[in-house]
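Please read the structure below before turning to the comments.
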Amino acid sequence: MKRLESLTGLLDVPFPHYDNPPPSPETVIKAWLARARNGDVCEPDAYTLATRNVDGDISMRTMFPVRFDGDALLFATHRSSRKGQDIDSTGSAGCHIYWRELGRQLSLSGSVVLASDDVAEAVWHARDPAYDPVSTVSSQSAPLTDIPALFHEIAKYDGKSKLPRPERFVVYQFIIARCEFWAVDASRIHKRLVYSRTEKGWKNERLQP
């Protein structure tokens, strides 16, 4: 079969879990993240989070997770932000990671719930104080009408002393319901392995390219 260009080049990516899927996607997620982090991948943890509001309008943004926790993903944001408002109104989201250098994609969908204040406090205090001034002063996604005033307020803090967590700074738990692993193949017979959560646990199946 003729070798066709696929996405960013002629690639054949090893995907051993495709032939022998483990019982849950957690094992594969950890393996793929480790490979991306240990490889020459730019920002291996960055992902695109998609949310929708009650009118069905979809918005997306690229961000970093707090961590993957078993079959869930934790991320921090302002509850007043667009994504926070979307999640509070619909309780669902989608997540996508594209590792260009590895020819791999990971797509997640599921429900999203607000984590406890204790979790939010722990995440806030684990962050470098340099992040605090902007998070404290800014009301994420609110209209910006006075740029100099915003910079002036942020400059009041030195970024070295830890500040109290703003109430609007929260952590959400993205509970994975569906997880698809995609690995490029130069033949264009790309490998797709999907996990779906059921009442009895996880089921997996391969999808046609």
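Residue 1 is the first one shown; counting continues down the chain.
Cβ atoms here come from the backbone N, Cα and C positions, even for glycine.
Small disclaimer: the values here were computed from a predicted structure and weren't measured.
If you look up TrEMBL, you'll see R82, K83, Q105, Q140, S141, W182, R192 marked as FMN binding site. Applying an 8 A CB threshold to same-chain residues 6+ apart, the list for R192 (FMN binding site) reads E180, F181, W182, A183, R206, L207, Q208, P209.
Marked as domain 'Pyridoxamine 5'-phosphate oxidase N-terminal' by TrEMBL: 43-126. Residue counts for the domain 'Pyridoxamine 5'-phosphate oxidase N-terminal' (43-126) by DSSP state, with H, G and I taken as helix and E and B as strand, are 22 helix, 41 strand, 21 coil.
Beyond its flanks by at least six residues, the domain 'Pyridoxine 5'-phosphate oxidase dimerisation C-terminal' (171-209) meets 1, 3-4, 6-7, 10-13, 15, 17-18, 21, 23-25, 28-29, 32, 66, 69, 71-77, 84, 87, 93, 95, 103-115, 119-120, 123 of its own chain at Cβ-Cβ distances under 8 Å. What TrEMBL records for 171-209 is domain 'Pyridoxine 5'-phosphate oxidase dimerisation C-terminal'.
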So what's the mean pLDDT when you look at the domain 'Pyridoxine 5'-phosphate oxidase dimerisation C-terminal' (171-209)?
94
